[in-house]
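Visitor: According to Swiss-Prot, the protein carries these features:
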ACT_SITE  K116  active site, proton donor
BINDING   K80, K104, S358  substrate binding site
BINDING   T200, N231  NAD(+) binding site
SITE      D156  site 'Important for catalysis'
Amino acid sequence: MSAKQVSKDEEKEALNLFLSTQTIIKEALRKLGYPGDMYELMKEPQRMLTVRIPVKMDNGSVKVFTGYRSQHNDAVGPTKGGVRFHPEVNEEEVKALSIWMTLKCGIANLPYGGGKGGIICDPRTMSFGELERLSRGYVRAISQIVGPTKDIPAPDVYTNSQIMAWMMDEYSRLREFDSPGFITGKPLVLGGSQGRETATAQGVTICIEEAVKKKGIKLQNARIIIQGFGNAGSFLAKFMHDAGAKVIGISDANGGLYNPDGLDIPYLLDKRDSFGMVTNLFTDVITNEELLEKDCDILVPAAISNQITAKNAHNIQASIVVEAANGPTTIDATKILNERGVLLVPDILASAGGVTVSYFEWVQNNQGYYWSEEEVAEKLRSVMVSSFETIYQTAATHKVDMRLAAYMTGIRKSAEASRFRGWV
């Protein structure tokens, strides 16, 4: 398949993601009793900026990169969301993910709307200096629409605390004063928060703990399969192993490892490279598709979207599915899993730990007072447990599935703020 065809396929997939997000938002607002005008406001971002960023490469040439920043709804407060560096970034994906950030912030009851950014690039082929120049160029290009009270970026796919540090420094230079609250996910010495690196995995862990209670399963010795061994997947494997659960399957882009008696998680974590790859060290590797259908109690898709579909949903043997990735389960597959009695914890709830601790970082920056790792963990647990219970009860009260209940919970805050402002 050609690179051009891959690009077209990615654009089509992103459009489907955007349209499916709109479909569920429409139903959520209808269930909550809002008029059609509210959906017209919420179905698209308020603001979508496309920028062109010229970067001098190490060989002396100048390459122009395309970047995006989407701000979905700022009725509640500033928008918030990550910046991803990836060759498959496109406008529809960024728009959809900014809507998801509105939902995540609403679920966690944070004073934010949703934002998202991205640059079409392959950071794996770029030098340290090229990445720095690209990061600073992006901030210069979007500087008029971002800031601590406007829109607060954060790390995402292939971006990290170093890139956040460059971006914070560039923004501070432009404003001529230090502005750590402009961005989150920074190094600790530049105003980062304890617990930020593990926040997403901690949030998923808490959701698993709450889900097993609902299903009457003991976490100790529960059999868990984790698809994806990046930041969230690897930390989750560690947390589950430490909690006494039996991690029987993990995977990366190369394939999966499966052992019904349990994998040696400390060994795999030690051998994992910076891109989350470890299965290339083994010969007995199965496909990601095969791994998803293995017998287990808890399945955690923590890799990419559209992994559980109508084609394989009937073969999923887990009684609990917790979505640590964005959009790993299609709408059709969600219906099948619900009909089969599988408890599905949706992505916008399960992965809300990251933005929650980003909010804590922003609060600490504004106060100039910093919390211990234990304080951050305690506050995160309080938010995640409350969010899980609210969505679980919403699903029971309205007789809807957990995904629709999560959308209802997530969109309500921005919808109410928009109504009070007189926008609808």
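Even glycines carry a Cβ here, placed using N, Cα and C.
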Visitor: Other residues with Cβ within 8 Å of the Cβ centroid of K80, K104, S358 at the substrate site?
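Guide: Not counting the recorded site residues, we get G81, M101, C105, A108, L110, Y112, G114, I152, A154, A352, G354, V355, T356, Y359.
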Visitor: Show which residues of the chain containing D156 (site 'Important for catalysis'), separated from it by at least 6 in sequence, have their CB under 8 Å from its CB.
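Guide: The answer is G81, G82, V83, R84, K116, G117, G118.
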Visitor: Looking only at K80, K104, S358, the residues listed as binding substrate, what is the longest Cα to Cα distance in Å?
Guide: 12
Visitor: May I ask which residues of the same chain, at least 6 positions away in sequence, place their Cβ under 8 angstroms from the Cβ of N231 (NAD(+) binding site)?
Guide: E197, T200, A201, G276
Visitor: CB neighbours of K104 (substrate binding site) within 10 A?
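Guide: Here the count is 29.
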Visitor: Taking the recorded positions one at a time (K80, K116), which has its Cβ surrounded by the most other Cβ atoms within 10 Å?
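Guide: That would be K116, with the highest Cβ count within 10 Å.
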Visitor: Going along the chain, which residues six or more apart from S358 (substrate binding site) have their CB under 8 A from its CB?
Guide: K80, I152, A154, T184, G185, S193, R196, A199
Visitor: Let's check the environment of T200 (NAD(+) binding site): how many other CB atoms sit within 10 Å of its CB?
Guide: 25
Visitor: For T200 (NAD(+) binding site), name the DSSP secondary structure in the helix/strand/coil scheme.
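Guide: Where T200 (NAD(+) binding site) sits, the three-state DSSP reduction gives helix.
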